[in-house]
Amino acid sequence: MSATEKDKDSNGAAVRAPLLERNLAAAGDAKKNSSSSPVIVAPDARKSDLEDLYRDLPITEETSCGIGIIRGAWLQRFATKNVYVLVYGLLGCIFSASYAYSNGIITTLEKRFKIPSKTIGVITVGNDFTQLFVSVFLSYYAGKGHRPRWIAFGIYTVVLYCLLTALPHLMYGPGEDSLALTVEHGAVFDRNASREERDKMERKLMCALEGQPAIQCDAEEGNLAPVAILFLAQLVSGIGGSLYYTIGVSYMDDNIKKDKTPALISFSYFLRMLGPCIGYALASFCLKLYISPSLSPTIDNTDPRWLGAWWLGWIILAALLFLFASVLGLFPKMLPRAAARRAAAKELKEKEGGVAEEHSSASLKDMLLTFKRLMQNPTLMCNNAASVFYFFGYMPYWIYMPKYIETQYRQSASSSSLVTGTVGIVFSGIGILLSGLVITKYRPNARQMALWNTFVGLVSAAGIISYIFLGCPDNDSYGGLLKPNGELETSFQCNAGCLCEYVKYSPVCASDGYTTYISACHAGCRDYDRLPSGAKVYQNCSCIAPLPGNATTLLHETTTLATTTPAASPRPFGTDTFTAGGIATPGACPVDCSHMFYMFLAVVCVLKFSGATGRATNFLVSVRCVEEKDKPVAMGLGITLMSLFAFMPSPIFFGYLMDATCLVWGKTCSGNGNCWLYNGESLRYLLNLTSAGFVLIGTLFDAGVWYFVKDVQIFDDEDVKPVVSAVQPEAQMYSSKLHLDQAGRRESDDAAAAGCELKDLSQLQNNILNHISQNSDRSGGLPQEEANNKH
């Protein structure tokens, strides 16, 4: 034997001595106390043995942190489950913020590029279209490779998605409509412009003179290039979403003890729940800035024509995603502690006469067999079906919630985005963390978890139905301009000759303070004037009753418009044409929807809390009902099914439903553009009842999960006797059946049998450490303890 081999052998013996002594002492004490009882080692001793095994674990290629030259002991100390959960959660926080930001700027995108809601729905399914075709295959092959690096690659595609989404602004700029509302481009009184030029600009929104329309359709409207770019960006992002959600959580579950999974999973969910808050807050901040921040707008963000800097947030999100993805990619293929537990479990299983489970290499045949196993799993398929219907019903609230708040409660785009992202984050966070703590402490079985998911589904359906009764009556009336069939009356005898077809949506409030017209043209206004304060007032509006004689004089002596009751009693709209005409001010008539809005937010908070409590339970049921080797593919299959049957059709379906309730369309040369005004009452009934129906169907499948899940084991030590031996506790994470077999074999009254087992245990520990030492020689790695000491 060479000197080097002797050193290795002596070092190995020195390391193994404490383990052997502890085993002999533990077994000797047990023999004295009861020769017929199994040998039970205290938890502290078992934990100490695992620490010894972990310290002597060599750093191999699979357990080494870093990539290329970015390696070292200083980096290896971060290869722990806590650091991974933190980095993974923060990355998920920024990732989910990007989707929330996208939802927050939808109305601005619609206005800027004249995109209908149904087209927005088609754009958003680009992400799911990619996931449909790549998620299962990527999850299968990436699950057998270096998962952290695959996740980093996926997030890099999301970085590209962010940059592509901002590209239309760099190509087309803020648009002529936005530029026309700035000081620099002549939206206000320009002393250098001629009287004729100023008058022509002001009259674009007013009743036509001499039978000639003041405005024509804009050739810029209906441009499909921005739509194509946005759809391409969504296609690219689908790769990143598929890898993050399928590979990331399976890596976490494989490298964490099963009894600690609920708490750490809940913590990572909590960090990801902060993402929508950040995304909507960022959208609110950016939308408060004008679309071209260097220009000076003449309107504020409460004006429906306001367009915010929707493109700015994408640049910020791209930088943050690139940073966190690069950090996550440095994690090893397997965390060192998980590698130690697996090595111990493998050796123990081989010692007991079993065959250690080996993960087969990637192949088409193995992939098809995996799919067959999953499709024949009733618990998994019922859970996937429940998720499909649940997500289908909830999709419009995730995508169109800011627009829903704007439509129903007359909130600005920035306020809607801020409220959507922040109002429920506290309740969602409390629900996530509380559920994790409850599961960790009380350890409910699979059926109890499935029953809770069913209850959460019922609460969600009831909450959605309650949205129907939380409307704003003043906002629904539209000043009496609605026809009995729910359509908005726009053409009257009083504005018949005004030619208002292509006049842009610029609402004006009549002098009664109640009636809102689509534009000054639709109100029949033929002139305008300015108050001493500089505010514009439209005059000679043939559809509005004139003010009393002294009110006109008062109007020019005050800085604000004093709304008074018309001289004549109001009659049905359009039956009278007032030759003298009344007056109107820019902007919709104010309504107070604050009371119903706060009630709506209260229900949202309740649903956020209840839904968050079901996140951890649903995850545990879904990953425990399949074999460990099938987890990545099972999650990929779930994403594929949800993309095909929920994420893709739902936005398009609900986009059509929303467009069906549109009252005012923006006219383009090629047809209708974006919708400017919705029928709030019809939208509430149609949207909420349809969504609640899909959620209830999903709840029925949750009941099916409750029926089939009765044999699924969530925690490995459920109904298992105390563990025997100092090495065996680490195996309990992989096979509870193994514990029962071992416990049965150790129930012997023969002292000689106990002595034989002590010998077997000693030999087992020698085999484990020799196996690790040989791997270390082949890989050229350093022991874990030595690497940590070098730091």
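Backbone N, Cα and C define each Cβ position, glycine as well.
These figures come from a predicted structure and were not determined experimentally.
Some features that TrEMBL has for this protein:
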- 488-545: domain 'Kazal-like' (DOMAIN)
- 83-101: transmembrane segment (TRANSMEM)
- 121-143: transmembrane segment (TRANSMEM)
- 150-172: transmembrane segment (TRANSMEM)
- 228-248: transmembrane segment (TRANSMEM)
- 269-291: transmembrane segment (TRANSMEM)
- 311-331: transmembrane segment (TRANSMEM)
- 380-399: transmembrane segment (TRANSMEM)
- 419-439: transmembrane segment (TRANSMEM)
- 451-470: transmembrane segment (TRANSMEM)
- 596-621: transmembrane segment (TRANSMEM)
- 633-657: transmembrane segment (TRANSMEM)
- 686-709: transmembrane segment (TRANSMEM)
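By the Cβ criterion (under 8 Å, sequence separation of 6 or more), the transmembrane segment (150-172) is in contact with the transmembrane segment (311-331), since 3+ such pairs are found. Scored by C-beta pairs under 8 angstroms, the transmembrane segment (596-621) has its highest count with 419-439, from the stretches 228-248, 269-291, 419-439, 633-657, 686-709. Ranked by the number of CB pairs under 8 Å to the transmembrane segment (228-248), the listed stretches 311-331, 380-399, 451-470, 633-657, 686-709 are led by 633-657. In this chain, the transmembrane segment (633-657) touches the transmembrane segment (380-399); three or more CB pairs sit within less than 8 A of each other, excluding pairs fewer than 6 residues apart. Within its own chain, the transmembrane segment (451-470) is flanked in space by residues 386, 390, 393-394, 444, 596, 599-600, 603, 606-607, 610-611, 613-614, 617-618, 621, 684-685, 688-689, 691-692, 695-696, 698-699, 702-703, 705-706, which lie at least six positions past its ends and keep a Cβ under 8 Å from the stretch.
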